[in-house]
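These notes are about the structure you will find just below.
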Amino acid sequence: MIFTPAVLRSEWTKVRSVSSTMWTLASALLVTVALSAGLCALTNAQFDNLSQQDRLTFDAAGTSFSGMFLGQLAVIVFGVLVVAGEYSSGMIRTSLAAVPQRAAFLFSKLAVATALAFVVGMVTSFASFFLGQALLGSHRTGIGEPGVLRAVFGAGLYMTLIALFSMGVAAMLRSPLLSLGILMPFFFLISTILAAVPVAKDVARYFPDQAGQKIMQVVPSSDGSAYGPWGGLGIMCAWVAVALLGGYLVMSRRDA
Amino acid sequence: MIELEGLTKRFGDKLAVDRLTFTVRPGVVTGFLGPNGAGKSTTMRMMLDLDHPTGGEVRIDGRRYARLKEPLKYIGALLDAKAVHGGRSAYNHLLCLAQSNRIPRSRVDEVLDVVGLSAVARQRTKGFSLGMGQRLGIAAALLGDPEILMFDEPVNGLDPEGIHWIRHLMKRLAAEGRTVFVSSHLMSEMALTAGHLVVIGQGRLLADTSMSDFIGQNSRSFVRVRTPEPERLRDVLSAVGVSPQVAADGSFEVADMEAAKLGELAAQHHVTLHELSPQQASLEEAFMRMTAESVEYHAHSTAGLADAPGDREGAAAPRGLEEGGDGGVAGGREDGRVGDRVGDRVGDREGGREGVPVWGADWSAKRRKGSAR
Ligand SMILES: Nc1ncnc2c1ncn2[C@@H]1O[C@H](COP(=O)(O)OP(=O)(O)OP(=O)(O)O)[C@@H](O)[C@H]1O
Ligand SMILES: [Mg+2]
């Protein structure tokens, strides 16, 4: 009952008719693929200089997604602008006057934007993988190897969930600047830094991005972890669910 | 038909809308009047379920707004012309609204044509002028061909031609039997379009009346008398219990005596008159007088926070405040008028409530200053 074709169509028109959709998603794809390809080429060239340990735990599939740490920032911008752009422009009042059922409005919008992020995420992950493997030369892996298809598919899912999480946060905060000001440093700096600090590591591994990234790894990291790839994705999904619930509650409780 | 019942909205400790109850009926333009900050926009947002009422409710054709399935087909509203995404073209803006309410695409071109935006339909709304934005908002309101239309200060930022166009449009919509509800803070504007009036001040209902009744009840009439012998005329009038007000130009305004009687009285006492003319105060004045009550109520209640009943200092406070502010507003006005203003007519009108009439006096002073120009 929440989704009606009419509202979904309307949200599709909205998302395709602003240029930010195009440039955020295109940047996500290009940045991820190009950076991953560069890192793969570099790894291939420098492979013999790697430590014994690094060579043993080398993850050919995971390396071909290494550009995603930067590319995900564009996905965050996409998610934030889709939702918070309604508030910053004032469009939200026009939108809610047309669709006063808050759940129908919010979840239709999220569904359309998430579907788009899913398609772009999958194209990005498959392109990153195949280009990356081609550049890894003799160190490459194949899509048929155990766990590899899961990792490639998972990388696309990861991007989709990052978008959805950003949309939930933006629905809670209602301001593009505030949302970006919190999400960008968190995913780009704080989470990554904390994950490298010995004590904070145990907490940081439950952060949405740290947990979600497990799905892209084929060779498990050496520091024995508390959950597997799907467990990690589950933790990320829980974060997303909380963000969405929060976003919905804010939208339905507060004045537009 | 829009029905409001006890509609109340509180922002923190500010009561923006206070138990509003009235009905907006079809077939007539209903003007929604109030000074800045009276609560007009807040009321309209609650009508569309954008703001949640603190109390009371609104029903559109008997139903709550959120229960309407395709609301744009029932009620079209222009609340804020800037409520569009600047990166989207006018056409796509209207298209996404139309799609959400299953309104055919062809209707988008129609309304663009009605408001005269067809030529710029493919441009981003970011570059639109204020007037173009207003027209786009009106196009959105008309999109679902609704029976109820609501406009929040639609003439804001429009050029004379646009204003004329909008007045004509509202009248036509009402003549077609639709419900038209339009807010303004200009009485003169409403006098040209509205057949019914709802006036609010400080969130409270001040009047819910037909335009003609409002004119009948609220336009103040008085007689202007000009004489080279003001002292003698004043004595003659006081002898019969009439106290004239002195206007800025030194002429008298007599409210409680007809022109003919005044002339006879002057002739009897051989007072020379240079002017004797009945005057009708404008609607704008009537509106300001009406809303002044709510403004003065507000001023009294804030200034009198520590104002216990009978507390002389508390009662004096607003008066002092007013005199300070008055000098700033009045500038180089002669002294005689200030005493006259606070003393006579306001005291009469308010039945001598102490402390309260001060802001009302200030309003009427501004009004008379304005009419003297
Ligand atoms: N979101 C809000 N938060 C806090 N106070 C608000 C909010 N919206 C309105 N108010 C207050 O409520 C009162 C009524 O405001 P409103 O905008 O409804 O007045 P208005 O009659 O539309 O005035 P105007 O003629 O200037 O448009 C004002 O005092 C305003 O400061
Ligand atoms: Mg307003």
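Note: Cβ is positioned from N, Cα and C throughout, glycine not excepted.
Please treat TrEMBL annotations as automatic predictions, because they have not gone through curation.
Beyond the ends of the transmembrane segment (A:69-89), by six or more residues, the same chain brings 15, 18, 20-21, 24-25, 27-29, 31-33, 35, 95, 109-110, 113, 117, 121, 124, 158-159, 162-167, 169-171, 173-176, 179-180, 183-184, 187-188, 192, 209, 247 to within a C-beta distance below 8 angstroms of the stretch. For A:69-89 (among others), the entry in TrEMBL reads transmembrane segment.
Residues annotated as transmembrane segment in TrEMBL: A:110-131 (among others).
Below 8 angstroms of C-beta separation, residues 28, 32, 61-62, 65, 68, 71-72, 75-76, 78-80, 82-84, 106, 109-110, 113-114, 117-118, 120-126, 128-129, 143, 179, 182-183, 187, 208-209, 212-213, 215-218, 229, 233, 236-237, 239-240, 242-248, 250-251 of the same chain, each at least six residues beyond the ends of the transmembrane segment (A:151-173), sit close to that stretch. The transmembrane segment feature in TrEMBL is assigned to A:151-173 (among others).
Annotated transmembrane segment per TrEMBL: A:180-200 (among others), in sequence order. Under 8 Å from some Cβ of the transmembrane segment (A:180-200) lie the Cβ atoms of residues 69-70, 72-73, 76-77, 80, 162, 166, 169, 173, 207, 209-210, all in the same chain and six or more residues away from its ends.
Among the features that TrEMBL reports, transmembrane segment is placed at A:230-251 (among others). The list of residues near the transmembrane segment (A:230-251) in space but at least 6 beyond its ends in sequence, with Cβ under 8 angstroms from a Cβ of it, reads 83, 102-103, 105-107, 110, 154, 157-158, 161, 164-165, 167-172, 174, 206-209, 211-215.
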Near the transmembrane segment (A:110-131), which residues from the same chain, at least 6 beyond its ends, have a CB less than 8 A from one of its CBs?
3, 8, 11-12, 15, 21, 25, 28-29, 32-33, 36-37, 40, 61, 64-65, 67-68, 71, 75, 78-79, 82-83, 143, 152-160, 163-164, 167-168, 244
